[in-house]
Amino acid sequence: MLARRAATMAVPTIPSPACISQSANGSIISTRRSTETNPRQHPSTSYRCAGRVVRRQGRSAISRSGSRYLHDLEAGRSLLKRVTLRRDWDSRLDEKDQYPRLGARAAATFEAKPENAEKDYSKNGKAANKGVDNGKDRLAKVPISNIRNFSIIAHIDHGKSTLADKLLQTTGTVLAREMKEQFLDNMDLERERGITIKLQAARMRYVDETGEAYCLNLIDTPGHVDFSYEVSRSLAACEGALLVVDASQGVEAQTLANVYLALESNLEIIPVLNKIDLPGADPERVRREIEEIIGLDCSEAILCSAKEGVGIPEILNAVVKKIPPPKDTAAEPLRALIFDSYYDSYRGVVVYFRVMDGRVKKGDYVQFMNSKTEYQVDEVGVLSPIQMPVNELYAGEVGYLSASIKSVADARVGDTITTVSRKAAQALPGYQLATPMVFCGLFPIDADQFVELREALEKLQLNDAALQFEPETSSAMGFGFRCGFLGLLHMEIVQERLEREYGLDLITTAPSVVYRVHCTDGTITECSNPSALPDAGKRKSIEEPYVRIELLTPKDYIGPLMELAQERRGEFKEMKFITENRASLVYMLPLGEMVGDFFDQLKSRSKGYASMEYSVKGYRESKLVKLDIRINDEAVDPLAVIVHQDKAYSVGRALTQQLKKLIPRQLFKIPIQACIGSKVIASENIAAMRKDVLAKCYGGDISRKKKLLKKQAEGKKRMKSLGRVDVPQDAFMAILRLEKEVV
């Protein structure tokens, strides 16, 4: 009897947290029975958990099923206890908002002994709560005189992102349990490469020693030379900047470039010497470098270590005291400058802007002055650093706007936002258009993805204003786009973003620059695609862009870098010692020679210590020729390159050898030729894969073997005339790996 009863007993279902109701004081008063039932469950067997109340009939049924029942019952009690504690702590978070900034000890104490959490919270005192209170009230409005808009500028890998993380953590903007390295770098590519690609904005609240509350709008910027356009857009929305310099490496090339951008925008610059905790740090030497090279007074430069948290309060005080507030123009008509935007699948285009004049709130009808389109504002808010809706934004504040904008062309970076009811008389100057330096072709592997590629480029251009593209057709690749980039790294980032974020499979052609072609009829055309270069009989001369490049290097690597520049047809201009151990080399260099592995070679020959900065200075006439590549007697336009006449043979030989390694063998012979016009200057052959037709001939007359070989040769010939060679993606990027072999 007992065995039969035990066999019919079912394992009770543990109630989920959703089944628990709670009274006003937080105690559990009831639980709802699960709707899941077992048809074999004995009618007399039931249980109900209400706090500590447990009832069960049939206690005499002691069996294996009964032991399993008791085990699950204990699990149910543990679950109820965890849910109760979680809800109790959530109610405390509603009052205190979050863990105390210095209250890691309190959090650990709560996990161990929840009843002591309140006591430990108060024990930490005002010091523990200051950052939390600031973070809690960061949406509170402050006078315009207490708003500070600033940016962080530095050379790559000088600690910008680490400093931004520490500022967010110190002001309580981000919780300690939510904190992670490179918090503002929200793309996987940024974390993988350890660099900042996109500018990011964050609103912080800071209370100084006197108790005065300030609103700090921080914009973190990239440090690589290819993303200088992002830096210039960030600086246009600020009144000041933190110049971060590595205390061990000192002033580098991009440090100078970013400082000049800040000075052009009339910003207040605060020098900060970072990484003073490193063994090789020499703050006094770096102070002298900044004063001698840049001309900034570094007597009050702030010494800090963003990693260790040293000097962070001094930086916040300097931002409040030295950076001027924005002008009080809230009473004027609305004028807001768009400095960034992105496309959301549900909300349309989301715009990041800085309010220069006036006010904007939810429900207003706004107009984008350049595109002349009008929309009603659905949501307005601030970035802290996540999007947090607010009722209104006024002059001096930085925020975002959503208005169900479906067309990506209606809200471009640099446009001015104004209200329809009270329009501004004149739009803001906006931004100078970025000039692409490097061009390449992007083609979808699947021809059906052409429309998807176009839509992806339009959405990406909304987020990356420096990207430019136009349709292109290739006989070998089909339909695609010719895209312009600021540099080689910019090109790699865009390609990876298209493949990752939009799921496209792309083929990228070899990068090139824009050439000016003087034709015999007196016309001048610009050509960025080598396949579109006019025939030799129609062109008179070709001009290529030259850049002024400045290399900053320790004195031990002057020789290898001068050799590198001369190998790339560089023209020496100037060399000077900025300090006793660091020198500056200035060259005039063809931009086409920099496309490739120039930056990699620079870092390799200087063991990573050298840096560079360049700017386009104009065009010069050069002896350039078009080098065509023919595969199986067919010209492959994407592999065509424009090279200097003196390097044509070495480039053609290296390119044909690379293609021989990359193109798979076929059942017929494949000739690979490098040609200038109709003249072949280099050639390689890929041998055919052939069947051993003589394997069955183990003797006999030689005529039988000749007959089989002749028949095979006729088949190979017919196959060659009908066969088609598929060129892999690696072959189109082979030109990038030629510099080292050619040199």
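Just so you know, the numbers here start at 1 and follow the chain as drawn.
Every residue gets a Cβ built from N, Cα and C, even glycine.
The stretch that TrEMBL tags with region 'Disordered', taken from the ranges 30-50, 114-134, is 114-134. Each of the binding-site residues Ala154, Ile276 was ranked by the number of other C-beta atoms within 10 Å, and first place falls to Ala154. Considering only the binding-site residues Asp157, Thr221, the Cβ with the fewest other Cβ atoms within 10 Å is that of Asp157. Across the residues of the domain 'Tr-type G' (145-327), the predicted structure has a mean pLDDT of 81.
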